[in-house]
Amino acid sequence: MTIGSLKTVKEKKSRKSKQVVDEKCFNLSTTIVGAGIMALPATMKALGLVLGIAMIIFMALLAEASIEMLLRFSRAGKTTSYGGVMGDAFGKYGRIFLQICVLVNNIGVLIVYMIIIGDVLSGTTSSGVHHAGVLEGWFGVYWWNGRTFVLLVTTLAVFAPLACLKRIDSLRFTSALSVALAVVFLVITMGITIIKLINGSISMPRLLPNVTDLTSFLNLFTVVPVLVTAYICHYNVHSIDNELEDNTQIKAVVRSSLGLCATVYVMTSLFGFLLFGDATLDDVLANFDTDLGIPFGYLLNDVVRVSYAAHLMLVFPIVFYPLRLNLDGLLFPNASPLALDNLRFASISFGLIALIFLGANFIPSIWDAFQFTGATAAVCIGFIFPAAITLRDRHGIATKKDKILCIVMIVLAVFSNLVAIYSDAYALFKKNASPRICIA
C-alpha cells in the first residue's frame, strides 16, 4: 500500500467519524432542545438579560461536568446504562429511584410538549385573555379544532406511529429535521426582532432583575427548575454511546450538542425577550398571535408556531424511548428485552401515551409542569445523582476537584430548588386565598 493510499484511507475514516458524531449530536441535541426553549424568554423576564444569559451558559457547563462524571464511572464499572451506574454505586434501590425519576421527568416533559402543541393549534387563555391558535385563526372556532380533539388526532396520527419504532437510531432523520425546524423558529424570530430594532419599535429591555423585596428575590429562584429541565439529556447519553463503534466519540458528541443547544437557548431567549419585553408569556409561542407591526406579520406568526409545533412532534419519540425502557425495567426487571416482546411493547407504549394525553388536557400551563418536574425529578437526574455517584466513588477514580465540584453542585441544586418550591407554593397560596370580609 502506498503512502497516498494510506492517506486516502485515513481521510475516509476521519470523514466517517465526523459523520457519525454529527448524526449522534443531532439525536442528543433533539433530546435537549425540547419544550424548555419556549419558557426561556420568560426566565429572561425574571432575571434580566445579563443574569439570564449567564445562567444559561453556567447550566450548560454544569451539565457537561455531570455527564462527564456519569460516563467516567460507567467505564469504570463496565455498565452500559444510567441505571447500571446507579445500581453499581447504590445497589438495587438506587437504580429503582433513578427509574422513578426518569418516569416523572419524561412524562412531565411530554405533557408539556402536548400542552404547547395544543396552545399552538387550538389557542390558550392567560390572565383572562384568549390567544387564538393557528387553526382558530384559519378556520374560526369549531368543535374539530378544539384542544382535546386536535390532541387526540395528533396522538393517533403522529405520536403513536413514531413511538412504535424500537431503535433510537431509527430516529436520526427525524432528529435532524426537528433541529432544522427549531433553527427555522430561531431565524424567523431573530429576523422579526432585528427589523423592529431597526425601525425603533422595541424599547431597551431590562439587563438585571427587578428586586424590590424578599418576595421578589425569592421569585428569582422559580426559573431554576426551568433551566435545569432545559439541559436534561442524561438518560439518553448511554443509548447513544452504546450505538457508537468508537466510544471515545461520545465526549465530542456531548460537547457539540451542549454547545449547539446553549447557543440556540441564548439566541432564543435574547430575541424572544427583546421582541415581547415584559409582555412575554410563560409559553412564548402564545405571544405570536398578535400583529407584529411588520409586513407579512401574521404569516410569519403562523410559520413560527407551526414549525415549532412540528419540531415538538418529532422530538416526542426521542424522549418517549427512554421513558418506555425505564418503565419496562421497573415493572419487568427480569423479563426478556422489550423489543423482542411485541405485546409488552405495545401495552406499555399505549398506556404511557394515554397517560400523557390525559395530563396534557388537565394541566393548564407549561410553567406549572416545569416547576414540578424541574424541582424534583430533573434536578436529581441531571445533577444530584451524578454528583452522588462521584462522591460514593466505588472505584477510587474521583479527584479532590471532582468531589468539591459535586458538593457545590448538590448544595446549589437542593437549596435553589427548595427555595423555588417554597416560592411557588407561597404564590399559589396567596393567589387562592379568599379575601376576608369585614363586617362593621
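Even glycines carry a Cβ here, placed using N, Cα and C.
Note that the structure is predicted; figures quoted are calculated from it, not measured.
If you look up TrEMBL, you'll see 21-40 (among others) marked as transmembrane segment.
The domain 'Amino acid transporter transmembrane' annotation in TrEMBL covers 25-422.
Under the heading transmembrane segment, TrEMBL lists 46-65 (among others).
If you look up TrEMBL, you'll see 96-121 (among others) marked as transmembrane segment.
Under the heading transmembrane segment, TrEMBL lists 141-165 (among others).
The transmembrane segment annotation in TrEMBL covers 177-198 (among others).
Counting only same-chain residues 6+ beyond the ends of the transmembrane segment (218-237), those with a CB under 8 A from a CB of the stretch are 27-28, 31-32, 36-37, 39-40, 42-43, 46-47, 52, 55-56, 59-60, 62-63, 66-67, 70-71, 82, 102, 105-106, 109, 168, 209, 211, 250, 254, 257-258, 261, 265, 318, 321-322, 326, 367, 370-375, 378-379, 381-383, 386, 413, 416-417, 419-420, 422-424, 426-427. What TrEMBL lists as transmembrane segment is 218-237 (among others).
Away from its own ends, the transmembrane segment (258-277) comes close to residues 25, 29, 32-33, 37, 40-41, 43-45, 49, 52-53, 56-57, 60, 63-64, 182-183, 185-186, 189-190, 192-193, 196-197, 202-203, 205, 230-231, 284, 287 of its chain (Cβ-Cβ under 8 Å, at least six residues beyond either end). Annotated transmembrane segment per TrEMBL: 258-277 (among others), in sequence order.
Per TrEMBL, the feature transmembrane segment maps to 306-323 (among others).
With a threshold of 8 Å between CB atoms, the same-chain residues lying at least 6 positions outside the transmembrane segment (343-363) that come near it are 107, 110-111, 114-115, 118, 147-148, 151-152, 155, 159-160, 163-164, 166, 320, 323-324, 327-328, 331-332, 335, 369. Sequence annotations record features per position, and here TrEMBL assigns transmembrane segment to 343-363 (among others).
What TrEMBL lists as transmembrane segment is 369-391 (among others).
As annotated by TrEMBL, transmembrane segment applies to 403-422 (among others). With a cut-off of 8 Å between Cβ atoms, the residues of this chain six or more beyond the transmembrane segment (403-422) that come close are 62, 65-66, 69, 218, 221-225, 228, 371, 374-376, 379, 383-384, 386-388, 390-391, 393.
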Quiz item: Which sequence positions outside the transmembrane segment (177-198), separated from its termini by at least 6 residues, show Cβ-Cβ distances below 8 Å to it?
Solution: 26, 29-30, 33, 37, 264, 267-268, 271-272, 274-275, 292-294, 297, 300, 303-304, 307-308, 310-311, 314-315, 318
